Structure formats: structure tokens, C-alpha cells
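A short write-up of the structure that comes next.
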Amino acid sequence: MVEKKRLNFGLTKISVQVKTQTFFLTMSFPVTSSFRSIPSHFAASFLVNSNSAKLQSPILMSLPQNPSSFPRHISRSFTRAPANSSAVFRPNLRVRASSKTPNQATDAKLIAISSAVTITFAVANRVLYKLALVPMKEYPFFLAQFTTFGYVAIYFSILFLRYRAGIVANEMLSLPKSRFAAIGMLEALGVASGMASAAMLPGPAIPILNQTFLVWQLLFSAVLLGRRYSFNQIAGCLLVAVGVIVAVTSGSETSQVLSGIKLMWPGVMIASAAFQAGASIIKEFVFIDAAKRLHGKSLDIFVVNSFGSGFQALFVLLLLPLLSNLKGIPFLELPSYLKSGAACFLNLGGCDGAPLLPLLYIVTNMAFNISVLNLLKVSSAIVASLTVTLSVPLSIYILSLPLPYLPDGASLSPFFLFGTVILMSGLVLYNNAQPSKAGSK
């Protein structure tokens, strides 16, 4: 004989405390339900079952200020009651509330992973750039041109495949091209002025002056994007710049690094950093504006890369006469120079290490640019810049070790370690700084 058993739910009471947004929910059961207290920093209490003076079943639910923005995990289990009990099942209700939204945790993790990938590619890019110039040391201009036009072919090929796959929509391709033209022009000017000054400056001075990139980015992001930065953020950027300067200028010849150099050439290198910083800020603006134009959809990275590199190649062609003269190559001899550079790239003239090292550099450089743009997309231009800055002392340390085609290493002074500590302190200060109340426009 099977006895019919019934679960009896009593009156449900709900009490809401408006100021603290704490919700209390009490259910009356004919038997005592087990209750597990879950620690929470929110204000909380519990109500008891008023249906019976003997049997009480407190159930607690504590919610933050925005109840709709946190995950709730509720589990309920039923167990058979003792034989002498009037009820059959014992319900256990457990409620947990978290104050952190899933989006915040996911975004922080994504930025951390993207930063680590960017640092890895940045270090590999700097090291392979030096190694690629070992066989191509007489033809750096050819390598720069080959890389620029290689970007156009590869990026547009990838863009076409992603368009056919439905990843890139027509709305993305119809975005205003004037922004991409501005990006290409600034990057072409950055390459031209950077090459002109690098030919006249000593090697250690180049990475030092390139760190003015941070200052230009901070300025341009405030002017063009309307961003406002706190004192700690600005101080963190300055500490990063100081740390890099201390690290890369370590050695006995630090005080003589710019001796005998005209002031014009450091100014040209600083202008090159300004052009590159301006291009990165416009890229960030493109992503922000595209989110509005595409109704919240994310702009594909290869749209920016493809059109930006296409306009860059166009402006590089327009600047060829200037580039050839700055390199000491008459314009009429430019075809012969490019032909000899192509032969060296194919290792037809005793250029040991080619074409493997130049190709590795091109592939790594492309991966680095994609990773930087992805980091720029998920964070900001300043975060991307600080991440790339961290790769400078790491690259110098690796280049100080014996490497293939660079068997002679270099010893690092304690100033290098000291500069690295300053740089890391700046990164920590910036990342832990509270955003300015002014925010961004």
C-alpha cells in the first residue's frame, strides 16, 4: 500500500530594505530546514517562520545595490523526513550573491592575456628586427618597403577570406575612409622621419627618444578623445619613461650618447614618435566610433589593418623621393638599389641568414601589430603603449646574450636592473590608479 504524501508550503513573506537593497525572503515549512550561512559584505539579517512557534525555517538572501548585475546560484535539494514527521520532504535552499559582474572579471582576464601576448611578440619583434638587419644591413630601406607592401597583400587577403566567411560585414567596409587615410599618412610620416633620424643618431639614443611616444599619446588622447587622467596615472607614465631611460642608457658612455649630434635629429625622432602616437589614437577613435555606427557590433581588426596599411603604402610611394635622398641614394639610382636589395633578400649575394631571418621578422612584426591592435581594442592606447614599453628592457637583455649571427654578447650594469624596477613601479602605479572623475567625453 502506497501512502500519498504531500508537500505543504505555507505563506511566503517578503521584506525589502530599500536603502541597503537587501532582500529577505522567508518561507514557512512544516519542518525545520537546514540553513548554511554564506559570508557576505552586504548588510543582511533573516526573518523566522511565524507560522509556528516551534518550527522555524530562516532563509536569507543578500543582494548588492544593483541586483540585476550579479550572478545568482541557487540550489535546492529534498530529503525524506523522519517517519514520525508530518511532512515528507525537507527542502534545503541555498543562495549566494556576488558583487563582481562576469563582464568585469572577463575583461580583466582578457586584458591580462592580451598584454602578455603583446609583450611576447614585442620582444620577439625587436630581437628579430636586429637579426634581420644582419644580412640586410646595407638594405634596411628595401626591408622597410618590402614589409610595408607585404602588409597590404597579406592583410587584404585575410580580409577577403573573413568577408567571404561572413565575419566582416558590409557595414564595416563602408566606414569612412578618411580616418584610415589619416592613419596611413601619419604612419608613413613616422616611418620616413624615423628612418631619417635613425641614420644620424647612435643606436642607444633611438629607443630612448622613442619613449616620448607615451607623452604624445597621453596628450593626444586627452585632446582628441577627451580623456582625463589622474595624477597617479600621469606619474606612472613618467616613471615608466624614466625607467626605460635609466635601463637603456646604462654603461660607461651614457653621458656621451648624443655628443656631436645636431639637435635637429633628436627633434626629428621625437616628431616620428608623435606621428606614430597620433596614428594609434586615431585607431582607438575608429573603434569607438565604429561601435556606435555598427550598433554595438565589434569592428574587425583586419578592416583597420588592411585599409591603414593600404594608405600607408600609398603615402610611402609619394615619399619615395624624400626617403631616397635622406638615405643618400639619388632618385635615379633607386631602381638599382631596390634590385640589389631584392638579390640580398634572396641570398644571391652572400647575405647569410636571408631570407629566413627577414621572413621571420616580417611574420613576427605582423603578429605583433595584430596583438597591439587587439590590445588597443580591448583596453586603451595608453595600456597598449605601456605594455609595449615593458618589452624594451627585456629586449635589451636578450640582445645582450650571444645569439645566432650575433655571437658577441654585452654586459649589463646594475643601472639596467634599477631602471627595470622603476619601470615596473610605474606600471603598477598606473594600473592601480583610480580613473579621474572627469572621465572621458
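Every residue gets a Cβ built from N, Cα and C, even glycine.
Taken from TrEMBL, the feature transmembrane segment applies to 110-129, 141-161, 182-202, 208-226, 233-251, 263-287, 299-320, 375-399, 411-431.
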Under 8 Å, at least three CB pairs between the transmembrane segment (299-320) and the transmembrane segment (141-161) (pairs 6 or more apart)?
yes
Output the single range from 208-226, 375-399, 411-431 maximising the number of Cβ pairs under 8 Å to the transmembrane segment (110-129).
375-399
Given the transmembrane segment (375-399), its same-chain partners at Cβ distance under 8 Å and 6+ residues beyond its ends are 107, 110-111, 114-115, 118-119, 122-123, 126-127, 130, 207, 211, 213-214, 217-218, 221, 227, 229, 233, 236-237, 240-241, 243-244, 247-248, 277, 280-281, 283-284, 287, 298-299, 301, 406, 410, 412, 416, 419-420, 423-424, 426-427, 430
